[in-house]
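To start, the structure itself, in structure tokens.
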Amino acid sequence: MKSSTLRQIGILGTGSYVPEHILTNADLEKMVDTSDEWIRTRTGIRERRIAEPGTSTVSLAKKAAEKAIADAGVTAEEIDLVVVATCTQDTIAPSTACALQDILGIPAAGAFDLSAGCSGFVYATAVASQMLATGLYQKALVVGAEVLSRFVDWTDRNTCVLFGDGAGAVVLGEVATGGIGGIDLGSDGSGRGALGIFGGPFHGDLHPELADQKMFIRMNGKDVFKFAVKVIGESTGRALAKCGLTYDDVDLLIPHQANERIIQAAAKKISLPLERIFENLDRYGNTSSASIAIALDEAVHTGRIKSGDQVVLVGFGAGLTWASLCVEWR
């Protein structure tokens, strides 16, 4: 009989990948009625990465995953759980995770996709960590990957300036000290019509008028802004409390990279200095499920995170969902 004691799980390695093609605000000026100044002052975004036509989500996931596996110092054969957070899976079924498991040569692992909008990577990391903590699995590969450009309406200046493509990954496993602590996951489905990919047979119960339209990312920006600023503070506060910490203990907060104004407003609300908040949305835009994973990898490999640091990941997105997770870096 296995012990009922939960194991401590931490992040063993990180990796990320973004497409080579850069779409700047100046490029967008030639496509829609917008300007670099308008985009920067309202979002903080200067450029974003866009995948070449025909690029699959799993191909981006593979490149990020390979880096994370190498960074963790493990082999693909040691991975026995694969979780992919995505809103832009290559097929409705089978899952992106199953394709990734095959492509990476991971033997007979548990594999599934998780859809929680821009909160997806934190959701997936939380779920996988708890499956490892019980001893059900030993090492997990968690990936956030998106090819959002497939679903961008390039004639809509309110949304086409926001999104980019990319992937980020982590390998989870047992650690002797530190690791993943407080977790807070939640949703408010009454806001499900405010943000999502709607159209055609996937118009949803709140958007019947989109039944004969193409599938595009659609968003009520004002509603999402208010929601995000509110839940960032509430969710991170609950996650910190679960491990006996306060904002004074936080060395680095890594939020979903959606909008600079959201991040600044939330920071002010929780009285956290901007120097302790990681941002890279100016270069990548909003990559949904991939954004926090990409930011985490960049923070690690640029020295923003060191051993012993208290790091908090927080996401918010379609659903509407929110998710926070505390990590004592090993």
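Using the three backbone atoms N, Cα and C, a Cβ is placed for every residue, glycine included.
Curation plays no part in TrEMBL annotations; they are all automatic predictions.
Looking at 12-16, 62-66, 257-261, the range annotated in TrEMBL as region 'ACP-binding' turns out to be 257-261. In the three-state DSSP assignment, the secondary structure recorded for CYS118 (active site) is helix. Counting Cβ atoms from all protein chains shown, ASN286 (active site) has 24 others lying within 10 Å of its own Cβ. Outside the region 'ACP-binding' (257-261) by six or more residues, the chain places 42-45, 118, 162, 224-225, 228, 279-282, 284-287, 291-292, 294-295, 316-317 with a CB less than 8 A from a CB of the stretch. Here the Cα atom of ASN286 (active site) is found 8 Å from that of HIS256 (active site).
Note: the CA-CA distance between HIS256 (active site) and CYS118 (active site) rounds to 7 Å. Per DSSP, the region 'ACP-binding' (257-261) is made up of 2 helix, 0 strand, 3 coil.
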